[in-house]
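S.K.: Feature list, courtesy of TrEMBL:
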DOMAIN    1-290  domain 'Glycoside hydrolase family 29 N-terminal'
DOMAIN    301-389  domain 'Alpha-L-fucosidase C-terminal'
SITE      219  site 'May be important for catalysis'
């Protein structure tokens, strides 16, 4: 897009300097080799991250499908490049080795597809592209791989009537093999985003910082400026684990899920920096998972007195979870939101055995004495959870 459509100078110059004259985008196909792609290893990393679902990009805006699609002749991973059905391999490994729900991302439109461009010229009065390419592919991936999430994207400035999104979704939820398990997002044509859908995404890297009345998802990237793999990325371009824990706590406290994007390489590897981040999030969730999984938003999302404190509620146990991102130097943490009840309220630090002492401030909340621990004795790094029972 930057090279061939917008013709941005750095991209054009890079291609001229490093590729033969007349090199086209299609010539990248055979260079996508995936020789190191090990779906079992991917599944193990995904499991170690503590994630509950995974969404693979089955096709992006350039139309190359990662499965041998009947509707993408000679422009798919089985005919060109890896010569493998990457979708099938990952689906099998995820299902055999983990309890993650397997989902597929699919782009409705394609930047340079001639049929799509023809429909654009006709102001979407013709529907050649969705009827011969986009919709058949959607039916194909549902029938073939039975994904539990369909993550649609890329409306190409066309309305949902052009895509026949309602027709496809009616089939998906009523007659498809995944009708009882599938969930979908909100990107099904102009005007549907943040308005229609099983869960809302609203925009990329969406993090409202306040409670939304409808289930939503913050889809963001560990690489601050790319959804793919960048060979020229610097360490500072990647979010640190502290940033990711903060994103997770903020998102879940406001009723959202976190979809954390990583960019694998052309030869099929998850780069080590991404693997490390995923495993770090998993290590944090091993200690603090009760404050994330199966929780609901509490009456307050963050604390009014101490910044960097985010609340979730565990309905089964009736627990309020206060996730705090900075360990106070004073050794005491003041919380303005929970009202403690003398003789009833109990406070625990996730991953630490003993109950914590606290003092009620009446209407103004409570002060909690944190245990005096060396960095080695802390139950985890990067953020901690207080579990409060019997508070108002």
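Any Cβ shown, glycine's included, is placed from N, Cα and C.
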S.K.: When you measure from the Cβ of residue 219 (site 'May be important for catalysis'), how many other Cβ atoms are you left with inside 10 Å?
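M.R.: I get 23 for this one.
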S.K.: Restricting to the domain 'Glycoside hydrolase family 29 N-terminal' (1-290), report the mean pLDDT as a whole number.
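M.R.: Here the predicted model's pLDDT, averaged over the domain 'Glycoside hydrolase family 29 N-terminal' (1-290), is 97.
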